[in-house]
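Chemist: Residues or ranges marked as domain 'YdbS-like PH' by TrEMBL: 65-144, 255-336, 402-481. Marked as transmembrane segment by TrEMBL: 20-38, 44-63, 184-208, 228-253, 363-380.
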Amino acid sequence: MSESKRLHPVAAVSSAIKLIKDALIPLVIFILFGGGGVSGRWAMFEFIAIPVFILLFVGYGILDWLRFTYRIEAGELRIESGVFIRKKRYIRFERIHSLDKTEGILQRLFGLVKLKVETAGSSGDQADATLTAISKNEAERINRIFHEVKSSGKIASAAETQEIQGVEKTEEIQSVFQQSFRELFIMAATSGGVGVVFSGALAFFGQFEEIIPYTRLFTGFEQFAKGSVAFIAIIVVFGLLFAYLIATAGIVLKYAFFTVKKNEDKIVISRGLLERRQLTIPLEKVQAIRITENLIRQPLGYASVYVEYAGGSILDKESSHIMLFPLIKKEKIQEMIRQFIPEYEIQVQVNPLPKRSFKRYQFRVWLIIIPAAAICSYLYQPWGYLSLLFMPLGASWAYLCYRGAGWNITGNQLQLRSRFFSKQTFIFQKKRIQAVYSEVSPFQKRANLASVSAVVKSGAGPRAGKVVDLEAEDSDRIKEWFFERKN
């Protein structure tokens, strides 16, 4: 029987910080407006209560650390945790999909890592288990036992586990991809992350809607800026520029030192400057490949490549839709896919949609733009007439969506391509597809058209690729291909 171990004491600090972070907004509201305008006694109460809350969080973090133990025994990772209610979890190594390592700022200060255990049962809200602060040597020891058990295909006994722990195993690296800083910067600059910054800011300030008098502030600003179109334009431009710089810097920090390595039957991805993260993807769990080209990168000849992974969790969708190559020249995609996931073949040529489909793409766009332009032109004269410019833009957008769609079948592989804003290409292996759906509306039936979609499993839920308004005969062909006996 192996000896139970505790996490590094930094785990207590990490737990306390998490509790404080989760309670930050309620604490701010409590401090600012809990007294209902009463000073004196309330101020004294706040002066005492806030340190007490912090001490309680720190105390809980210490108790959580003291009550958390783990050990490796008989091919299992056995964890006992819980401050008030004792929980015991026994995780068999052969049930583990991957062991993912993360080095946050706190862990890096002490040379530690956070180890996240992903199993078939952890595709819900969270991972099966997380060791928040262990040494790098300990993480490697657990990783070594995991791979030994997976490769041997049997549960190790206690004696065998002890033997494995003392064996150093060197894995052969078959392929390596490193994202250059130049391409990393291009990726960050063309990512369109400004919307994420704005939505995050709105969500944050929205927490204080009942506290901050936004109406009075905006009314004062409106009076100040009244009649000054140039002033408003300058403010908007600087706001967009600031958000753009913040988004670009955030992506550079997140994906700095992006490296992909292939070791035997798995892919190991590491990235990050402030928080270093390492993901391990077993090739057998790759469900599909997705290639994304946005409107800026496509003319430059760049694309991003993702793998749809049967792991991860619903709360961490990034762990299921994993970026394999953040930015890569399109002509290099096939070569790199052959090195890392040779099972897949990227077909440049796809079967396009029939010409009569374009009318339907155009109709769907104009169904939104024409009523919106009419309303704006009527209500906001004369500036509302500028909304009519969206009609030719909408026609161009419809044409791009039409031209971007297509499909291809090569052996046991299906490729579906479509566009909304970005062009998305899904590559599926027949054995990974859970279902193929064919839909025909009354309007499509009149034009002898159909829509087809293929669905695969991922940790964050089903993932589908879809093509709208292809030939009805082509839709039938895809269904027949799928229902044929899988080789």
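The backbone N, Cα and C atoms fix where each Cβ goes, glycine too.
Curation plays no part in TrEMBL annotations; they are all automatic predictions.
Map these features onto the structure and tell me what's around them.
Modeler: Confidence over the domain 'YdbS-like PH' (65-144), given as mean pLDDT on the 0 to 100 scale, stands at 85.
Taken through DSSP, the domain 'YdbS-like PH' (255-336) splits into 18 helix, 43 strand, 21 coil.
Each residue of the domain 'YdbS-like PH' (402-481) gets a DSSP state, and the totals for helix, strand and coil are 21 helix, 41 strand, 18 coil.
Sequence-distant contacts of the transmembrane segment (363-380), counting only residues of its own chain at least 6 positions beyond either end whose CB sits under 8 Å from a CB of the stretch, comprise 387-388, 390-391, 394-395, 397-398, 401.
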